[in-house]
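Participant: Got a structure here, written out as structure tokens. Questions coming.
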């Protein structure tokens, strides 16, 4: 008997529907790694899984009444079949880059798929020939549709590249000596860029960390001719959207409207072009996946992979190594493990992919269940397949201008963003072990009156000395090795503040002295080393080797106090702090002299404690792409201690959006989701035409972040513990010229077979380190996490 499609299930998929078919909503079970496959709800298109330990499919049925599911199982093909995709008839490995055309092999080509319909009511399975034509039509539509993760990834890439005014208005000239076979200035016949203005052909730049050849002659042509827009010849194909275009004046990738018409000027038919080289996006991804963090020991032997609970790797989603490294570090903390171990998925949440605590619980299960840390995968028996944090990446970055993209990001900046987001949405409990009070003392040099300020923080960023000893044969600087403890001495040492205005003696311009120290010591201490320096007014990363601080005693760096003859002024009212913010005059002058606009300088100083120009400069570089970076500075808006309800959109904002034809409920939701940015809110509304305006998870308790902070500060101020002894627990390392390029990994101390060992988490590659391998930790350390020795 043929199974008919029920009348309440459509055989067609709505245009804006999301299809979740990569992994389970509550676990990282996939069609490939779960014996029973993945069940896709034919009404909601959400995926669930079942096995001997749990049955999320049945739970969904009991909650929603949805009983029919598309079941997908994928089993790895035998090795001999897979080899046909990897090797040619002569047994030679097939190059990924063919001479005439790029040919991609999908992971699906390595699997045999089984597609059935599953009825959860009676645990019955139907083959495709046992269901109706309309049923099969729906199955085909689901299989052909991009998954939610794929759609999100496409959006994240698409929103990267837009036209600039140079690429929109391209003035073109005739070229009677056109030669498209090689660079006009050298013999290179690859990595060629054609000037869209005059047709001059030049080679591109050599990419740092890549074997791609290039002498930069295309750039040299721009510097002489001032023709900014160039197109990469090897990227050309009939799909004009995928062609590489670069504006040298904007120093960024761009889109070129009517590209085919402009290329026709130089005899190039875009419709018949075939892609022969990797695009800039592909090269960038390859570079990030192949940075040389050693996976072999001192004698050349492969470092042994390790498996089990707490030893699960994350797959790299293209440029997600910065997320992977941060999550591995945080989930290694005792506080995270204790909090998330027994936490349950909130039953009122309709879509776990859009709920932060659901994603955090799912990741904990992925890392500590041990189900996904097993040998053998497409990558060979040496490494595990790992888990893909696709839904988490989309959710955590959805309203952030940088973290919602596929570009590489600064791991430390992401760590701060993540901690702040968790605090605001879930309260301080999860991150409480990271919180501590940092005391700043400012003393007038003229009258010896001053103030003590306690700030609740969850990290500390310390300077490092960058003394150049020599240069190697390639001109790379060799730096003197330093100790981390010296960075703390520098950070807490007394510094002079020029231009200080004292409220007591009104000496102006006067001078004051500032010093800092620990009022309390956290259970887990996050330390960032400031590797970004200015050289010729451009930010560079300095590879200063830092002796590995396996233990660190910070007890000498306690909070400064007032001495005899010094007078502590009464603190100003907390509510007046923001409105009366006065920038550090010396630091502000320094930043302005560097060419930074005043709003950026003020925001940088405000958000880094008004300490010094270097801290503010690092903040400015990290927030260059913020949409409001050049908006006038308002301390009440920029204050991290602003009201918890400050995100509530005003009646005026809601009315402005409603004037465009949207309901009040939809307008309010769009503004809330986009931080009251009207342009972003309207764009969101047009991208989500079927949204009903209901704000999901409104049953969750509202977090009063100010109240929680006040209570925690009161608790910490009563602390009398001055123990500042720590042991190193994890180190996030980075290779590359900038935190926004290159590759991140993390070294974590793990208990394996009753013995503590250092383990390298390089995305899904998880291996035990030896002493030689730990040199990467010394030379590339960027963020340390220490555990207090009780």
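Heads up, the Cβ atoms here are built off N, Cα and C, so glycines get one too.
Bear in mind that TrEMBL entries carry predicted annotations, made automatically and left uncurated.
Here's the feature list from TrEMBL:
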| type | residues | note |
| --- | --- | --- |
| DOMAIN | 162-270 | domain 'UBP-type' |
| BINDING | 183, 186, 203, 217 | Zn(2+) binding site |
| DOMAIN | 312-789 | domain 'USP' |
| ACT_SITE | 321 | active site, nucleophile |
| DOMAIN | 582-623 | domain 'UBA' |
| DOMAIN | 648-688 | domain 'UBA' |
| ACT_SITE | 743 | active site, proton acceptor |
Participant: Could you give the Cα-Cα distance between residue 186 (Zn(2+) binding site) and the residue listed as 'active site, proton acceptor', in whole Å?
Facilitator: 32
Participant: Starting from the Zn(2+) site formed by 183, 186, 203, 217, give every other residue of that chain whose CB sits within 8 Å of the mean position of their CB atoms, in sequence order.
Facilitator: 182, 184, 185, 187, 188, 192, 201, 202, 214, 215, 216, 218
Participant: For residue 321 (active site, nucleophile) and residue 183 (Zn(2+) binding site), what Cα-Cα distance in Å is obtained after rounding to a whole number?
Facilitator: 35
Participant: Fewest other C-beta atoms within 10 angstroms of its own C-beta: which of the binding-site residues 183, 186, 203 fits that?
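Facilitator: Across 183, 186, 203, these binding-site residues, the one with fewest Cβ atoms within 10 Å is 186.
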Participant: Select the most exposed residue of 217, 743, where exposure means the fewest other Cβ atoms within 10 Å, treating these as the recorded positions.
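Facilitator: Counting other Cβ atoms within 10 Å of each of the recorded positions 217, 743, the minimum falls on 217.
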Participant: Could you give the number of helix, strand and coil residues in the domain 'UBA' (582-623) as assigned by DSSP?
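Facilitator: Tallying H, G and I as helix, E and B as strand, the rest coil: 29 helix, 0 strand, 13 coil.
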Participant: Which whole number is the mean pLDDT over the domain 'UBA' (648-688)?
Facilitator: 78
Participant: Cα-Cα, whole number of Å: the residue listed as 'active site, proton acceptor' versus residue 203 (Zn(2+) binding site)?
Facilitator: 26
Participant: Look up residue 183 (Zn(2+) binding site) in the DSSP assignment and reduce it to helix, strand or coil.
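Facilitator: Residue 183 (Zn(2+) binding site) sits in coil per DSSP, no helix or strand.
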Participant: Using DSSP, what's the helix, strand and coil tally for the domain 'UBP-type' (162-270)?
Facilitator: 26 helix, 16 strand, 67 coil
Participant: Taking 10 A as the limit, how many CB atoms besides its own sit near the CB of residue 321 (active site, nucleophile)?
Facilitator: 27
